[in-house]
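> Take this structure first; my questions come after.
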Amino acid sequence: MSPVTGEETPAEQQGTADNPVYVRRIMGLETEYGITNVLDGTRRLGPDEVSRLLFSPIVEKYRSSNIFTENASRLYLDVGAHPEIATAECDSLHQLLAYDRAGDELVQQLASRAEEELASNGIGGNVFLLKNNTDSMGNSYGCHENYLISRNVLLKHLSSQLLPFLVTRQLICGAGKLTIPSPGAPNENFEAGFMMSQRADYMWEGISSATTRSRPIINTRDEPHADSSKYRRLHVIVGDSNMSETTTALKIGSALLVLEMIEAGAELPNYELANEIRAIRDIARDFTGLTEVKLRSGETATPLEIQRTFHAAAVHWLEHRPEPECVDGRWLGTPREQLAPVVELWGRVLDCFETGDFSPVDTEIDWVIKKKLLHGMASRHGLEMTDPRLAQIDLRYHDIHPARGLFNVLKRRGQAASILGEEQIREAMDQAPATTRAALRGRFLTAAREHGCATTVDWMRLKINGEFGSEVALPNPFAATDPQVDEMIASMADLGDTDATARG
């Protein structure tokens, strides 16, 4: 089997024909950032103005605010003046972590240039990019997870098994949030205080095709960016944006294991919830994990019980799960060595709910790190949880600036754990993932910009514009090589007489 060449699609390593075990999966993250310009505590430019300034070098160079970067990720300005990065196609957990972090670094570089431009124009101030999910006006923006899954799995079956996991997953990977109730808001019937999840109050349905007006936990819009007869794209929009690499690894890694089990037909318990939206909001405010939620069966269960059951199944699954291939030192899929720490941390977090002592994970889980930070400041200064100074600390935790952001300060002090080295992140900023279709897109874009060729690029297509141009479709996201793309790149030296563009 040679899935990297595109001769075969991903790996049915074991299992039956009806229930193959997929240990190689295309996945990606879409992250929207909050943005603001502040000088001496006062806002200077509005979000629209500062976002336009942020993207001005991109527009000047490529004549578009919607481009693919040389690491094959997509950078664009989303609705509501939110800068957004969609990572390139990844096929292993640590690879995705690296490209998620690379996205932070790329948009922060734009913010630093914007600050220089503001200073030269006499406006001044800092440009803050916040990797969070809510603003002071009550708006929410997301961190969307994308997983390529088998078309053979019925959507109804998938949602009934996956929704209980996603609703209760905030226990192990929420980003944490200070919340103050306001009339007409989803939190109006709750007390002010700290909650585990930033997104819980902004979900309105379990599953639907909407994304904003009636925001669901799982979005069903069917855009697989692959062979639609074989695959669908699972689009999860309930997750929080995480600053912690260990929390992100737990969020993605646990989901990978649950999806593998569902696809393989593993026996999982029936925890189908009677009301996912009521459950997700109640769970977000209970740090015991013992809030009883109603099931469709008429019984009740606690989020801790539900997560314990999924965790136990994942432990058993990992013991018998086949290893993916490793070709030329690169994993084609997520190996046990990356998933074993995920399952171990998952269990430790749940143990903390049992004991009520979260100190064993207070450098690894975002909501625990933030809660400790906020409660420490409140205790030292005698502050109520509604104090505006604590709200500022909450926001500054999500500032991605390497020197100024509070999470990064904690990491330098050894109070927040990490997984990746700086070299891995730098490499991900400059190069596309080597094991997926993204490698072709990255090579194509690099060559086009070197030779000054005008191009049009999207997830499944590469095109050289002009009278003598050519186009190649890339339907297989697992194929990292393609002779037609090689020919296109070789032809660029003769065609490069126009300005390069890379429109998404």
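Backbone N, Cα and C define each Cβ position, glycine as well.
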> According to Swiss-Prot, Tyr76, Glu84 bind Mg(2+); so which of Glu30, Glu145, Glu188, Glu191 is the extra one listed there?
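That Mg(2+) site, as Swiss-Prot gives it, pairs Tyr76, Glu84 with Glu30.
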> Cα of Glu84 (Mg(2+) binding site) to Cα of Trp459 (ATP binding site): how many Å, rounded?
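Checking the Cα atoms of Glu84 (Mg(2+) binding site) and Trp459 (ATP binding site) gives a distance of 16 Å.
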> Validating a neighbour-count step here. Other CB atoms within 10 A of the CB of Arg74 (ATP binding site): how many?
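A 10 Å sphere around the Cβ of Arg74 (ATP binding site) contains 22 other Cβ atoms.
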> What Cα-Cα separation, expressed in whole Å, is found between Asp78 (active site, proton acceptor) and Glu30 (Mg(2+) binding site)?
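Cα to Cα, Asp78 (active site, proton acceptor) and Glu30 (Mg(2+) binding site) are separated by 11 Å.
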> Taking Cα atoms as reference points, rank the binding-site residues Arg74, Thr87, Trp459 by distance from Glu30 (Mg(2+) binding site) and give the first.
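When the Cα distances are compared, Thr87 comes out closest.
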> What's the CA to CA span in angstrom from Tyr76 (Mg(2+) binding site) over to Trp459 (ATP binding site)?
14
